[in-house]
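**Q** Below are the features listed in TrEMBL for this protein:
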type	residues	note
TRANSMEM	40-60	transmembrane segment
REGION	78-100	region 'Disordered'
DOMAIN	112-324	domain 'Heparan sulfate-N-deacetylase N-terminal'
DOMAIN	334-538	domain 'Heparan sulphate-N-deacetylase deacetylase'
DOMAIN	629-877	domain 'Sulfotransferase'
ACT_SITE	K637	active site, for sulfotransferase activity
BINDING	S736, Y841, K857, G858, R859, S860, Y861	3'-phosphoadenylyl sulfate binding site
DISULFID	C842-C852	disulfide bond
Amino acid sequence: MFVESYDGSCPSQVCVLWLPSAGIMMNLIRYSSMTSIKKIMFGLVLLSLLSIWFLSYNMMTPLRGDHDRDLHLKLPPSQALGGSEGHPARRRQGKHSPAADQDDLHLIPAALIITERSDSVFAYNLTSALEANHIDFTSVQIKERHWPRLEHKRTGKFSIIIFQSIHSYVSLDPYLLNTIHEYCRKYNVGILAFAVVREDDNGYTRQVGEFPVYMDQRLSLKDLTINPSASDVLHITKAGQFINGTIPYNDWTVFRTDHESYKPLVQAKTLSQDSLQLRSPSEVLHTTVLMDQGHFDGIQRIFIGNNFRFWLHYILFLDSVSFLSQGLLQKSLDRYIQVDIDDIFVGMKGVRMTVQDVEALLLEQQVLADKIPGFTFKLGFSGKFFKRGNEEEKAGDEALVMHADKFAWFPHMWNHAQPHMFSNQSQLVADMRKNFRFAKSHKIPVEDSYAVAPHHSGVYPAYPMLYNAWKQVWGIKVTSTEEYPALRPARKRQGFIYKDIMVLPRQTCGLFTHTIIMKQYPGGRERLDSSIYGGELFQTIVNNPINVYMTHMTNYGSDRLALYTFDNVVNFVQKWTNLKLKAESPLDLAIKYFDMFPEEQDPVWTNPCYDKRHLEILPEKHNCNRLPSFLVIGPQKTGTTALYTFLSLHPNIMSNLPSQETFEEVQFFSNSKNYYKGLEWYLNFFPQVDNTSTDLLFEKSATYFDNVYAPRRMHWLLPKAKLIAILIDPAKRAHSWYQHERAHGNPASLNHTFYEILTSGPEAPRPVTLLRSRCLDPGKYIQHLQRWLQYYPPNQLMVLDGDLLRADPVVAMVKIQTFLPINAFIDFTDKIVYDDKKGFYCLALRKGRTRCLGKSKGRSYPPMDAQMEIYLRHFYQGFNVQLLAYLSSIDQPIPAWLNEALTES
Ligand code: A3P
């Protein structure tokens, strides 16, 4: 009635709406005339609905990483942060005083990173460090035209602003700089910037923007001291420590200032020739990390005179983030350490443990326990290999068993076989039982409810039989793996819970079965030392609140590399940091882990075909050519069965086999019970396709569309899949569902009219409210589409007009084939024909006969009466308005029914 077109023409009665997310001005709604107050009212309602949608869409909390729609937003002056209503500059009262308590302002714990070039190594390291520490961030390039919005209502979206380079900070566009500074003052948010040496920097003194600070670059340093009076700023880093001698790298920046606002956090001396250049005696201390306490202009800042390559800067960076964010991005100092020694009896003669090795192990365990209360090594055993070494090593095995009660033990398989090689559960159970009996007969205490599988086999990719057998034989509650969701990058490893077993992520410490003696350590001792003394291993402990390390028996014999490693890294951590090293049982660790990261509990199955290591531990019958390349995702009652049937007519398109359990549909991603049956279960629904074939496999489950879990799960497994969603008028869909339920004898639908169901309130009996929500919720299309497009790019989604599919399926099939795309394009004209009796298109058989869908598809029932139509029009109006705008913004065609539904409103 009111909305005629959205064709961009703009006569006098046009209502113009600003849709910044698409970055375009759209003439969305044109009123044919303004003859009644009702129309004006409608226009206003529509305008507010769109505004609400715009706000909710564009003000979403930033996601971790730079995949953030806010980045598309320009920062127009009208949305200036704080702007004229900003508060006068405030000084921070004390350490980490939350702005949220003041003046009803709120701050989201997230960082905004402003990079010079997002593809630089430093920018990558910066974002990786935040990811490794579970810190949410949004990253924007300095040259980006569209900057993220900094605040929404009275909530600041970033609790720290990080500039990759001081240079780009101080030379920022004055309007943006002012905007950021106002924001920082308003929310007490600090700024962190690094002095990255640029190629055109000549090393001479230069002023840092308009601040009373000067910096000298390209210097070499020695004798570094961490300011003993900086403990109010430093959290992880121990104040007052010093390093004597040369500091690596020769591109250091030092800062000079006389202003009382500035305080050195780290100082060092320059090497002699640089002292000459600076005309300062060599004993003078220069500041390499400088803090602006905010007395200058009301903003706290930290300038760091280099990047991350020097290990100390890594923890100083984390401390700076924690301090400048008012502690919102601060992590606990507790670090739990578990060291597993896998395969304590498995190894070749000559590299196994002797009695002396066992004694050394016990001694070091005591040393570590003094520093990490409660620490014991966890020994994993496969009984079959007990005493398989030479005479000395046999005695070593006996010594291990003699001291069994001094260690914690966990089971492997009896013969160290990989669980995924067992084709049935009883064999797996039998193998585990042998190990169980071995533990009993040798009085090995296995009390931790913890087990580890050889080579991660069966843990991930998850092999349900392993989990079942573990529970049956050992009552296992916790395991660990490095493989979820993938070995690399290590910072992205996560935990999950499957079949009530908590799977902890494991960290790597650089020790493997082949790292037996120092001389042969890849990269030599220097490499191992650099990992221990501030490098990878040290940073792993810094990053991870819970550290489960896998080592191997061979690391404890010969050179005892593992003892060297852990002894030194623990000393190093304790010397340089305030971290509190702790130990707990695996069960307590797992409970702590999932308390900290509850969002990781639900597992996702990734595509093993993309990961060589996962492929190696897959059951033989797994086949990479059995995954669908496109899916019809629903929603229900939109013609999904018709489309499924028509697609199956194509000689090069193959559907999933029907499921007996779930009404023919597989419903893998939407039904947790099915999902947790595992990948193998899903694959069995698909025929095997030849490696060289261009045939496409597809699956149709109409329950996916409105399911909250489906997009994320599907994206993990099938990130490249194309998706088809069929949309019909949601009012008709709701009515069709009601009729479907009547046909299936649902008492709520039989005892209540459609109108009664629709108008029932929350106090109505559960079956009634449930039916109401199943009628109405899937039709809130905008909400569901937005969820899918959080995971999939718009070009992988096709929104198919369900009316077109019903009225002209031949044309619909042309559109679909183009979208997929399919090599062998076929014309469906002779394959799908209209059947007068059914009143729908059906499959054409020979001699003019047809085969139509069953009675349950295309039912005849009385049409909705006017009252219900009005109710539903009104109910869906807001959703439909948003849908229209959203589909336009992602370049999807607008279904005719959507225009009509809005016109009729
Ligand atoms: P009704 O039975 O209410 O008319 P789904 O398969 O997703 O459950 O959708 C069922 C709906 O598909 C039917 O709802 C019907 O309107 C629609 N449909 C579209 N094309 C059809 C066809 N060729 N044959 C039967 N039903 C079709």
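Here, residue 1 is simply the first one shown, and the rest follow in order.
Any Cβ shown, glycine's included, is placed from N, Cα and C.
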**Q** Could you measure between S860 (3'-phosphoadenylyl sulfate binding site) and the residue listed as 'active site, for sulfotransferase activity' for me? Cα positions, answer in whole angstrom.
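**A** Each residue's Cα considered, S860 (3'-phosphoadenylyl sulfate binding site) and the residue listed as 'active site, for sulfotransferase activity' end up 14 Å apart.
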**Q** Taking DSSP as the reference, which of helix, strand or coil describes C842 (disulfide bond)?
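**A** The three-state answer is strand.
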**Q** To the nearest Å, how far is the Cα of Y861 (3'-phosphoadenylyl sulfate binding site) from the Cα of C842 (disulfide bond)?
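**A** Rounded to a whole number, the Cα-Cα distance is 20 Å.
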**Q** Restricting to the recorded positions K637, S736, Y841, R859, which ones have a CA within 10 Å of the CA of C852 (disulfide bond)?
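**A** Taking K637, S736, Y841, R859 one by one, the ones whose Cα falls within 10 Å of C852 (disulfide bond) are Y841.
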**Q** Return the count of C-beta atoms lying within 10 angstroms of the C-beta of G858 (3'-phosphoadenylyl sulfate binding site), excluding that atom itself.
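**A** Around the Cβ of G858 (3'-phosphoadenylyl sulfate binding site), 19 other Cβ atoms lie within 10 Å.
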**Q** Near Y841 (3'-phosphoadenylyl sulfate binding site), which residues of its own chain have a C-beta under 8 A away, given they sit six or more steps off in sequence?
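**A** Listed in sequence order, they are A642, R806, P809, I832, V833, Y834, D835.
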**Q** Would you mind ranking the recorded positions K637, K857, R859 by how many other Cβ atoms sit within 10 Å of each Cβ and giving me the lowest?
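**A** Per-residue Cβ counts within 10 Å for the recorded positions K637, K857, R859 bottom out at R859.
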**Q** Is it possible to get the count of other C-beta atoms within 10 angstroms of the C-beta of S736 (3'-phosphoadenylyl sulfate binding site)?
**A** 19
**Q** With an 8 Å cut-off on Cβ-Cβ distance and a minimum sequence separation of at least 6, pull the same-chain contacts of C842 (disulfide bond), or say none.
**A** I832, V833, Y834, D835, T850, R851, C852, L853
**Q** Through the lens of DSSP with three states only, how would you label K857 (3'-phosphoadenylyl sulfate binding site)?
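**A** SS state of K857 (3'-phosphoadenylyl sulfate binding site) = coil.
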**Q** Identify, among the recorded positions C852, S860, Y861, the residue whose Cβ has the fewest other Cβ atoms within 10 Å in this structure.
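**A** Candidates: the recorded positions C852, S860, Y861. Fewest Cβ atoms within 10 Å: S860.
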**Q** How big is the gap, in Å, between the Cα of G858 (3'-phosphoadenylyl sulfate binding site) and that of the residue listed as 'active site, for sulfotransferase activity', rounded to a whole number?
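**A** Cα-Cα, rounded: 10 Å.
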**Q** Report the largest Cα to Cα distance, in Å and rounded to a whole number, among the residues S736, Y841, K857, G858, R859, S860, Y861 that the record lists as binding 3'-phosphoadenylyl sulfate.
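**A** Farthest Cα pair among residues binding 3'-phosphoadenylyl sulfate: 18 Å.
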**Q** From the binding-site residues S736, K857, R859, pick the residue whose C-alpha lies nearest to the C-alpha of K637 (active site, for sulfotransferase activity).
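**A** In terms of Cα distance, K637 (active site, for sulfotransferase activity) lies closest to S736.
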**Q** Using DSSP and three states only, what is the residue listed as 'active site, for sulfotransferase activity'?
**A** coil
